[in-house]
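Q: Got these off TrEMBL a minute ago, pasting:
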{"type": "BINDING", "residues": "159, 160, 161, 162, 163, 164, 165, 166", "note": "ATP binding site"}
{"type": "COILED", "residues": "1132-1243", "note": "coiled coil"}
{"type": "COILED", "residues": "1300-1407", "note": "coiled coil"}
{"type": "COMPBIAS", "residues": "991-1028", "note": "compositional bias 'Basic and acidic residues'"}
{"type": "COMPBIAS", "residues": "1037-1046", "note": "compositional bias 'Polar residues'"}
{"type": "COMPBIAS", "residues": "1087-1107", "note": "compositional bias 'Polar residues'"}
């Protein structure tokens, strides 16, 4: 008996439609009353009978409530469907639900975060029933079936206005644009999406039901190529609601484009449109509300313009479109004035709106004014012009406005189709139909009639498709097929479209000259009253009723004929054809062919070729014009042909309430729409057959509790299930056995669930009985044991109380005895104390009398000493005052003397001295001239005598040579030997002198270093004390420091990730560039002078110094530790900057020194006659300079001493004033000296110029440094020779010229000396000024420090001063260390250069013995080199480079070197690079590295999906990078090298730039490795983590709906998707083994595993968040077990420190969330503290999805979820639902040097590297 006691049922309810109740008394057949208890605990007697009510519908078990698919319900009927939708919508906020092949979408009237790109990625590639219902799942199913079946698809989106059809269609197109993006750069998908705002602007409007209602139907075909990339699109539109252009009901609006244009009328581009507010125009103000809440029309208009631009609409065409739209608004405001007779009308000539209308459309004003008020009547014989009444003219005006807008709409649609059209061949398409749903209003007119007619056709196609799928399912499972009766609406369709149907009668009445709506309605009554689906209303003769599949609809006949005719007067159209604007004229060129043609375009496909109907030949009369009904019927027929040629997918949009409130469910409105959209019909068809389907394994797992133990032993599950069902269900018609599934009639699954629940309930009762008995026995034992214990303790207590009484009695006696003793003793002690006190006072009086005399003696001596000390202090003070006064008088006298020294009289004295000096110099020059003349004469005489003597001596020498030939040679050799010995002794002496100087300097330096070390040790101790204090103060700052470190680390990771993303983008663009290059046909040739490396790398050059500084910084961080380095890195960088500045200063001083040395050399080369004067002058200036320097040094010392003391600010100011005064005096003294030098220079120059004017014939000698032209020099030389005779003219002996030249040279020498002295003084002045500035800065800094110090407390002052001193000493220490390091580096550099030169010398010696031809690597050479030690280098010839790269990289297989040293190719390549560096061949190094990098890129491009190859080259590339670092010679990379490895460092080249390129290449390979690994793991993750049973028999199975049928799956059997956890772990182990075998660094391996675990977490968690069927307690148990197995694998591979466990923490918490209790507020608090890695949205989503698998589990209540949300509302986090599966962690390649010695490396023979030779 189904209706027994406790059975839950549904009963009708006038408010909630259906209401739940429970039977409280068994119902017997024939009983008139059913006793019920409602949900509010009230009782009800429900009458049963043929006239009253049938038996109520049965309710489904609670376990089935909230199912994703309505067909999974055991009882399929209207209340069950409504309740399931309501529970999902209100409690879980799920807006999508499957109903067989239909997706039911309820409009939430709220923005939901379920349409992001990560959601698209989650649904892409998934079967439709695997994930929660979603519009993306339907789109993915269509896309997958198109690719799998190669059949065109259609998605039919329907529903009433405001249900969300347009939004659903938009999201479906977004899915296709994302998944099937265009393969090239045409961006077709963006254009497809850009068409939406355009169509919404011109085709959508606000209605009472929807703020963005589509007032037309559209069918968008998205075309795909053979690779299923979008290549184009096409759009068809249906039945635009033209009447909205001229009329809007209350609280409605016209089309959005009118309001958008009015809102932007103030823009400069639209001034000529003469638009104002939309309230000023009749066509936009009839609804009385021109605004939509939350919508900005101006911003939407900008989006519309951007979309038009994106689709290629030119600015001129856009302007024309906006002119046409504005003209429609002006046309509506044209005022038509009636005449007195009432039969005619006119328009005012001054009407501004008509003028604007004509101007905007470019037509003549007079003609338009005339034909708006008149019409033409054409008869067979003549033509009449007839006036129209005011009403007729207004109707004609409105018809013209509608006609213009319709043609404008069609033109835009046609343009959009042209822009979306593609020339490529279309392979298939997916169509998205967004069409109006069934409509019924209080007043239904022609538009509602057409809409409902279209829905009748679509419903018929839907019923046939559902029936067909049911038939296919039964035939596939080989179940006997029985005809299912379903509703056939063909009679209703025939009523409308058949011959002499409603449309035919309407067209016939339209042809009648004076046809009216009443006559047409009467014809309907006469001819169609016998039809079943046609009825005549009782109270009306102007309306009729059609019984549609959804409901009865009453249509009012008024306006049917006018709307069907769509009449527009031809004269008005002809005026528009003559427009001066081309676009306006083009709009109406086809008007004569079709007055209101609907845009219908077709696209060719592989399956169907749709062609529009052939145009009818033009005839003279108007019969050729098709009516709107005829056009709509034709276009609808074409649409049905297209849909029948495709595989349809259905989306039914439901409007939950009419108030547009978020998540409010009106059951009455929902049921009305469910009936109208065919959802209930689908359920009825499914319920008529076998709606419940179970696979044999699922049925076995679910209902094996009902089986016997003997049945469980059978191996065949099908046989077990058959035996069980035959035992439980006696009626064989209630179930059928298919090939893979069991089919049940409606209600049978509920019956099985009831048997299963009863079985569990009986088992629970038995378990409870046993447990309760055991608990009672335990309780009795506890009570008995407690009684015995109480008795024992009671008896013990009584015994202890007796013993206590006896003990207290004895204790009382003892206390009395002791008390009496104490009382007597106290009395004795009191008397004794009194006696002692009397004695003490007596003895004190005697002692004080003796001590009084001694105190007087002491006071006398002390007072005398104090008086003497006061006298001494007064005397010292007087002396100090005298000294200070005398010093003040001395300063005043000194100042007065300095003023007198700067006075004019002093300067006159100085000038007098200078004049005397000049006169003396002139006299001296005259005397020298006379002396030179006499000396010249003496020289001539002496020359003659010496010549004679020389001749004589020559003759004697010849005689002596002839006599003593041998003896002379010996003496000359002895002389030379003595000379060499003398030079050697001088060299020894000089060397000893230098050694003594060096030893003294070395001792001084050693002493200085020892002193510094002592100071350093002392500072260290002070620093340690300070550190202890700082540590005490910094304990409270550790948390902030750790946060800052974490923040810095996060920023560093973000920076690395950004850099690596740039690299990834670069690699993608590089890949694309290579693809384009390969795609180009023909022969290509690269530039020979262009480096391939430059084409592959865009990285800037890095200087060696910068790399060295960076490496030093890294080494410092490694040595000091992260925290300490973070504290000292600022000081370190400042020191580096200071070192660079000092180095630049040193170079500048060095250049100045070199200049001064050059000047000194030039001075030495000059004549030495005036050196005495020069030295005298220089000594004088140097003494003055030295005096000034001493004064300056004394000032510095005084200021430094004063600044070091904690003196007041007044003393510092006095010292600063003193410094300024003395520096000023020094500057004045220097100016005086400078003036002396200038005066002397001018006198000498003037004298020289006077002499040059007198002797212009002498060649001029210039002192300038300008280069002299060769021709000028030759001319001067020839001129000097030619003028030799003139010298004789002046003086026959030429003595005068020689004397003059000598004097001139002396003058110029003096001038040069003066100039050099001047420059020297200027340089010194500059240096002094620089020192003064530095001292000023120093004083200011010290002043600030002093002020800061004075503001501190005494203890803080001590700490601050100690800290400053430590800083200063640290800086000095660092400077000394830098100096020592520089000296050591220079020493190493010189040694390295010396070794290089020695090797070069050896090579040159060896090369001189070899031939000039190419040296062949013969066996003899090899034998000679084997005698030497192997240096770890490999030599190859330049021509063999391509073969080397091909052997080691291009043709290399990982298994070829698997048995050798890991990363062998990298070592071989580096050894070849070492040899090229050894021979200093930069071209060879550059070529080899470039070829290596390019070859690796090509190999990886060729094997872009091979994990083993990618891992192999990642290991080799990183090893080559480490080798370049390890052997670079940088100290930062040499700390772990052996001595032999340090000898193998590169000698000549710095390859830092190539290290950067290899580092970037390693990052690209790592990203490719992650991509390959994720691609391999992705199909396994969901099946292994969520679906496989790691713990057998734990997971329960729930009934599945239609979506789990085989038609939605890719395969019929288990398929390749059945992966287990073991296979996933096995795959991870394989990846780990391959990377370990290839020698990949463990740190990189850990990062790879970390990234893979992140992908596992993201994919698993996203599927968990999108699948209701896996959100259960058993799944949480399975998931936690799987995670523990993966953690165990990590521990086994020693990867627990890689961070992989942290990445799966959200998944761990999600598993725990599924397992914890979810009832009380304590549970809510526990969940909030537990799920710290999950976002609020993820926690709420899991709780909403949580589904119990049996009746003993409880659902999560809505109040509990609200409680969770209240607890978590304080979280500051980004609202994220799904995890980003494409996120990649930034990779870090740590430096790992190799311990392998290159000289011990063995090259296997199988590599065929015979052309390289070991060196």
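Here, residue 1 is simply the first one shown, and the rest follow in order.
Here the Cβ of each residue, glycine as well, is placed from N, Cα and C on the backbone.
Curation does not apply to TrEMBL; its annotations are automatic.
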Q: Restricting to the same chain and to residues at least six past its boundaries, which positions have a Cβ under 8 Å from a Cβ of the compositional bias 'Basic and acidic residues' (991-1028)?
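A: Tertiary neighbours of the compositional bias 'Basic and acidic residues' (991-1028) are 1359, 1362-1363, 1365-1366, 1369-1370, 1372-1373, 1376.
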Q: What is the three-state DSSP composition of the compositional bias 'Basic and acidic residues' (991-1028), stated as helix, strand and coil residue counts?
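A: Computed counts for the compositional bias 'Basic and acidic residues' (991-1028) are 38 helix, 0 strand, 0 coil.
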Q: Just counting, how many other CB atoms are there within 10 A of the CB of residue 161 (ATP binding site)?
A: 18
Q: Which number gives the other C-beta atoms within 10 angstroms of the C-beta of residue 166 (ATP binding site), all protein chains shown included?
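A: That number is 22.
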Q: Do any residues at least six apart in sequence from residue 160 (ATP binding site), in the same chain, have a Cβ closer than 8 Å to its Cβ, and if so which, in order?
A: 209, 436, 437, 438, 439, 653, 655, 673, 676
Q: I'd like the number of other C-beta atoms within 10 A of the C-beta of residue 165 (ATP binding site), please.
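A: The answer is 27.
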Q: How many other Cβ atoms sit within 10 Å of the Cβ of residue 164 (ATP binding site)?
A: 24
Q: Where's the emptiest Cβ shell within 10 Å among the binding-site residues 162, 163?
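A: Per-residue Cβ counts within 10 Å for the binding-site residues 162, 163 bottom out at 162.
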Q: Are there residues of the same chain, six or more positions away from residue 159 (ATP binding site), whose CB falls under 8 angstroms from its CB, and which are they?
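A: Long-range Cβ contacts: 105, 165, 437, 652, 653, 654, 655, 673, 677.
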